[in-house]
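These features come from TrEMBL:
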- Cys347: active site (ACT_SITE)
- His406: active site (ACT_SITE)
- Asp429: active site (ACT_SITE)
- Asn469, Asp471, Glu518, Glu523: Ca(2+) binding site (BINDING)
- 339-432: domain 'Transglutaminase-like' (DOMAIN)
Amino acid sequence: MPGERLMASGSDVGRFHGNSLTIVEATNQEEAESKEQGGSLLGVQKICCCWPPMIIALTFSISLSLSLSLSVSELMLSVHSVDLLSSKMGQNRMEHHTDHYHGNALIIRRGQTFQIELDLSRPFNSNTDKLHLDLRTGPLPMVSKNTHVIIQLVEELEDDRWEAKIVERNGNRIKLSVNSHAKAVIGKYKLTVTVESPKGGSATTRDPRKDIVMLFNPWCEDDTVYMDDEEEKKEYVLNDTGRLYYGTEKQIGDRTWNYGQFLEGMLEACLYVLEKSEIPPPGRGDPVNVVRVISAMINSQDDNGVLAGNWSGNYVGGVSPTAWNGSVEILKKYHKEGGLPVKYGQCWVFSGVTTTVLRCLGIPCRSVTNFQSAHDTDVSLTTDMYFDEKMEPFDELNTDSVWNFHVWNDCWMARPDLPPGNGGWQALDATPQETSQGTFRCGPASVTAIRTGQVYLKYDTPFIFAEVNSDKIYWQRNLDGIFTQIQCEKKAVGHCISTKAVGSDKRNDITHLYKHTEGSEEERIAVETASRYGTKPDVYSTSMAEDVSLEVKLEGEGPRMGADAQLTIVMTNFSSQTRKTTLHIQVAVMYYTGVLKGTVKKDKMPVALKPNEVKAMQWVLPYHSYQDQLVDQAALMLTLSGRVSETQQVLATQTSFRLRTPDLSIEAVGEAVVGKKMTAKITFTNPLPRTLKGVVLRVEGLGLQEVKEVVVGDVGSHSTVTRTEHFIPTQAGHRKLVAALDCKQLTQVCIVVPSSGLCWCVWTMIMP
């Protein structure tokens, strides 16, 4: 053909006996262009027209086969499917300690590797192909804000960075080991996979079922929330039930709280709370920011958070705070109703829900109860009581109060924003008491800083210090209108600070973490150090002599509901001379927050003390004095005041106590086996000499039964009622059935099936 140049060469391909094949490569311009443009495969070769037909046909077939093989290796690469290996019992979920969460989504913890598998259109060629993963979180993902992460392939993985490595190849499938950054933003990530080859590239479309949830990681040493002790991680991250403490320091009550952070819908609900908050996605990598905003979001005071607080005693339109047994119903309701605050909560409910959310997000957390918890309203770091010239309380000035108990949270993390040594437990309070930087929130405050009086360290350390270690100072107005300090109680607040023990239901007293031993030199130094940063820095400039003491004691477990309350007043004369005084006695009904409802009895008692005498005097509050006046927690405040005639020493003290309510008793009937119906009998005796109206039982148990209300109705005076409940256990292991009684005349009546009751599931479980 014109313009054609032939080149002949021998070849072993297609060689037959007695014949030699010649493959001719065309350099024809048209055919060369056709080759460059992906034209006919036949255009790359010319067959000599003089060859026999059979040889020509065979040569054609062989040439076509070779050309096709070459083109397949250059085909465009694409991703057919992505397998996140997210099964609950799979390697990813087990290694990341997320196997307890409901569902089969990929839930991982930051700073730790995880695996995914890709099914490609052809085998991956590391020499010519490229691949990277894109993770995006938040409404406006940006690489500079760490909300858009591009993960490249590397030969070897290194710690503390986003990267991926191919660890397995099987035909068109590859397995990647992906490493995440230990300070990655937590939350839900959208995943896309992008591949490139010499022939072009493609990316997967986002599939919501392939979203990845990233949590904090207490098992990663580089994570700010790292916790070393394995048993503590099991308790403060993985335990889905706990104990909350209430009452008074001398009558500590407890109840089980179902955190339920792993149940269906709970992870979504907790992430929803985070998304509703003011914190932008880039700030969600810092646990200090996260817990601070969670403390604001759990209450609804100024941001339509989870719970509406109510201390009025009127709970129409909602649920009484004492009726809640756990966080699950509250958080699910908040999520389902699109962020409408749930009614109602008080301090232990705020704390229980906070524990649920933080454990769900991966931050070690526990609920903490402080007995005799001060509420300092003027940042003086003292709890101040004001009296007029006649030693009558100055009500309009007495804004500080001491709550019988208050429940908040400890959460665990390092504090790189504070001086060294202030990491570890941080106090956090979601109950709306005072604003912090314009929002009802409190903390996180270093417990170490609280203990040492370093109240200048953020956040809200002065307020929490005053709750646990402020002195109670009594002031009297003089005739000239000036107030003089007349007494200082140094051991009035911050007693029996309690939390559930690790690995058991016992109460663990952690007062020593919050304050030095009362009266020790270290404790006094901490108090005086803190006071210098308050509004009354000179309050400790004057010392006072005292030779008469006054205290109140409760016998045994204290007075019971429905009977006269007997208390013992003890006075001690430390001098060698006679001392005389008249005690003014006042008892008021009190909300557990320290707010008084009203006085139920006033009395006077003249007292004469011999030299060095210790005198114990009985004082009785009759049942009829308080029977129609009680509010939640059945709390009462006893105030004693007087002046020693010989020395003009002022005596003043306050003691809160509660009237013990009866317990429910519960008996599990039958063998406890997953999937098998069983029975529990709940029994209650009315202790009052009057009929209880509208009694309701609330029964629930994780892995046993969802929340159920049982209407009991009226219960006669001193009558006993029994209700039988049937349920089917759905989870193996140590399970607890919780019952609480809701009644206007009685509060905080609850019981938990003893561990021996349903522990049988462990031993009699029938595995499929």
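Glycine residues also receive a Cβ, built from the backbone N, Cα and C atoms like all the rest.
Ranked by CA distance from Asp471 (Ca(2+) binding site), the active-site residues Cys347, His406, Asp429 have His406 at the top as the closest. Of all the active-site residues in the record (Cys347, His406, Asp429), the one with the smallest CA separation from Glu518 (Ca(2+) binding site) is His406.
Long-range C-beta contacts of Asp429 (active site), restricted to its own chain and to partners at least six residues apart, with a cutoff below 8 Å, comprise Ser295, Phe350, Trp408, Asn409, Arg441, Cys442, Gly443, Asp460, Ile464. On the 0 to 100 pLDDT scale, the domain 'Transglutaminase-like' (339-432) averages 93 in the predicted structure. Shown are the binding-site residues Asp471, Glu518, Glu523; of these, the residue with the fewest other Cβ atoms within 10 Å is Glu518. With a 10 A radius on its CB, Cys347 (active site) counts 28 other CB atoms from all the protein chains. Of all Cβ atoms in the shown protein chains, 25 besides its own fall within 10 Å of the Cβ of Asn469 (Ca(2+) binding site). Cβ atoms within 8 Å of the centroid of the Cβ atoms of Asn469, Asp471, Glu518, Glu523 (the Ca(2+) site) belong to the same-chain residues Ser470, Lys490, Lys491, Gly494, Lys515, His516, Gly519, Arg524, Ala526, Val527, site residues excluded. Recorded residues Cys347 (active site) and Asn469 (Ca(2+) binding site) have their alpha carbons 19 Å apart, per Cα-Cα distance. The two recorded residues Asn469 (Ca(2+) binding site) and His406 (active site) have their Cα atoms spaced 14 Å from each other.
Taking all protein chains in view, 27 other C-beta atoms sit within 10 angstroms of the C-beta of His406 (active site). Each residue contributes its Cα atom, and for His406 (active site) and Glu523 (Ca(2+) binding site) those atoms are 22 Å apart.
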